[in-house]
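*Asks:* Before anything else, here's the structure in question.
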Amino acid sequence: MSKQVSPNVPESVQQRVAELHEILHYHNHRYYVLDDPELPDAEYDKLLRELQDIEEKYPETLTVESPTQRVGALPLSEFTQVKHLVPMLSLGNAFNEEEVLAFEKRLLDKLGEKDITIEYSVEPKLDGLAVSLLYENGVLVQAATRGDGETGENITENVRTIRQVPLKLSGKNIPQRLEVRGEVYMPKASFEALNNKARENGDKTFVNPRNAAAGSLRQLDSRITASRNLAMYCYATGLIEGGTLAANHSDAMKQLADWGLPICPENKVVSGAAGCLEYYNEIGDKRDSLSYEIDGVVFKVNSLELQNKLGFVSRAPRWAIAHKFPAQEQMTLINDVEFQVGRTGALTPVARLEPVFVGGVTVTNATLHNMDEIKRKDVRIGDTVIVRRAGDVIPEVARIVPDKRPADAKEIVIPSHCPVCDSTVELIEGEAVARCTGGLFCPAQRKEAIKHFASRKALDIDGLGDKLVEQLFDEKLIKNVSDLFSLNEESLIKLERMGEKSAQNLIKALEDSKHPVLARFIYSLGIREVGETTAKSLANHYYSLEAIKAADLDSLQSVDDVGPIVANHIVTFFQQEHNNEVIQALLDAGVEPQNPEKRQSTESLPLAGNTYVLTGTLEKLKRNEAKEQLEALGAKVSGSISKNTTTLFAGEKAGSKLTKAEELGVPVSDENELINLLKKLHSDA
Ligand SMILES: NC(=O)c1ccc[n+]([C@@H]2O[C@H](COP(=O)([O-])OP(=O)(O)OC[C@H]3O[C@@H](n4cnc5c(N)ncnc54)[C@H](O)[C@@H]3O)[C@@H](O)[C@H]2O)c1
Ligand SMILES: [Zn+2]
């Protein structure tokens, strides 16, 4: 800075100004040139405002090269340059109602008016990058970025790949030369898809749709741009020769639309600052449902005559202002990381933050998702991070600020034991999610464990659905599955919506469920990845609970459809003392798993080779019981009819399966015949 600084300006202020110039230039470069900002916008804005405040207080410090006087950054030299015929400017900002009212007051003062109502064109503030389109005789001849406002980059080929941009205008009275300005943006869905793909390929992701749009448009190879699904809305004109436009902004935009240019359908005309503020709220409510990202709304004096009277300040028109939404990204510190245990035992790392105001609320915690994400973002305790809260989504740590990492930043490690129940934590190699293995005991997981235990494919306790489990649990009548069997009528009746009859029925159902076949019992324990089929294989391999508990990794892997991971889940599950305590309590309560009989092979069984289908409502037998009994006799029970079906057993209200069986000529019988068949074979045995 060669400028002679007056002695009125304290040395420390001069130093700070120089520092701010350097910092802001650096961040402008990262943002506008590299499309890879390091700071959240709010943090950048703070620095810019600090400089503006100093310049206001000490006008001697203001220089033409100050970042407060310029927009954007110099264009990249890889592109040919385009000198703008009319400079492309930025917009002033308002962050609250007072600033909007102050804006209107400035307008009235400048116009020397008191009592007029100003009409505004109000528009979403699209979060992309400004582009200028030049049409000659209605044909697109050039497109350019804003660059530093004076000179931009020639990106004609790239803009030609954007579907909304007409290569040729149509309609009447098109000026000979017409410069149209607008925002090129990346729709939310394209942004998600682009980043997901980058993540899959291990490539760098874009920080937000704006930087993604800029990065995609400023490509030397327009085929890349074409693959990025960019879009555009126009919101202004620049140079006009050989023709005229309407006398106010909103009508001019309608004209552009008539010629085939894309105009945002949310644009409106309102009266006065009050109308502007109303529009701000209206669009704020709509924001999440829009298919593109916006970061505020823009209010523009609608009359071009008034616009001309008002003119410009250094880097923005006086007649327009951007009213910004609360920032969705803020910078703060990670004080600690804790692990939360979910309903299914998954451990989620959660960052405890230095409280920060973001997205309109104070945030103290942010999710780190899982260990893969932590690794990918390289997050440590003590890091300065950017926290993002968009819409109703849970706040997340978006990225770290590497330069601000302290020397003693601590690596985040998964605890070896569950922070809730102290059971072993299992992290399978190649899996992102770590889990608590104390499924039956862990307070974080008990509720789900009980629901699973009572469910149809598990112990199938009649009348004990998810809702009732919730109720019993919340009323503290049960803590874990073994408590179910000490429920009594008296305590049940006290529950809301529980009659005497239902209470009796539930007690009876619990009693009836005490003799499950071993496979069901194993399944009901909710061991991770042990489904119905695996539970059956285990039961038919080991024949008793004791034997399954005693099995080691090698032995387990010799069982049908048990691989190393599932084997590990099983061994770890039974290693947890607390799980075993709950199982013992079940056995003590009288639950008695029915071990399968050791048999040579199903081929010698009486129903071997037969395939049955069950349909409709069975009156006396439960569908599951019927299935198990048939299978125990060597039959297959299938869910669909084919010409290989031996017999269809149809209960009440049988539907399409009955029709299908009749079509295929498959024999059909009823429930009584099924019961007779089972009885007969049982007495034969
Ligand atoms: N994080 C960083 O390091 C960093 C660095 C530099 C700038 N920034 C951010 O960039 C922003 C400043 O950038 P800017 O100068 O491009 O200004 P801006 O984005 O705040 O506003 C001006 C721009 O708004 C756009 N716009 C969208 N809809 C519009 C509409 N309907 N009518 C008119 N214009 C519309 C135009 O592209 C215009 O150029 C600030 O939010 C700042 O925080 C961040
Ligand atoms: Zn636990």
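Glycine is no exception: its Cβ is also placed from the backbone N, Cα and C atoms.
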*Asks:* Based on TrEMBL, name the residue from GLU19, GLU113, GLU123, GLU278 that is recorded for the same NAD(+) site as ASP41, ALA42, GLU43, TYR44, ASP45, SER90, LEU91, ARG146, GLU183, LYS300, LYS324.
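*Replies:* Of GLU19, GLU113, GLU123, GLU278, GLU123 joins ASP41, ALA42, GLU43, TYR44, ASP45, SER90, LEU91, ARG146, GLU183, LYS300, LYS324 in the NAD(+) site that TrEMBL records.
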*Asks:* Tell me, how many other CB atoms lie within 10 A of the CB of CYS421 (Zn(2+) binding site), whichever protein chain they belong to?
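*Replies:* A count of 20.
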*Asks:* In three-state terms from DSSP, label LYS125 (active site, N6-AMP-lysine intermediate) for me.
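*Replies:* It is in a strand.
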*Asks:* Out of LYS125, LYS300, CYS421, which recorded positions lie by ligand 2, with a C-beta less than 6 Å from some atom of it?
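*Replies:* CYS421, by Cβ distance under 6 Å.
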*Asks:* For GLU43 (NAD(+) binding site), which DSSP three-state class applies?
*Replies:* helix
*Asks:* Which of the recorded positions LYS125, CYS418, CYS421 has its Cα closest in space to the Cα of ARG146 (NAD(+) binding site)?
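*Replies:* Answer for the nearest of the recorded positions: LYS125.
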*Asks:* Enter the number of other CB atoms within 10 angstroms of the CB of LYS125 (active site, N6-AMP-lysine intermediate).
*Replies:* 21
*Asks:* If you average the pLDDT over the domain 'BRCT' (602-680), what number do you get?
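*Replies:* Averaged over the domain 'BRCT' (602-680), per-residue pLDDT gives 87.
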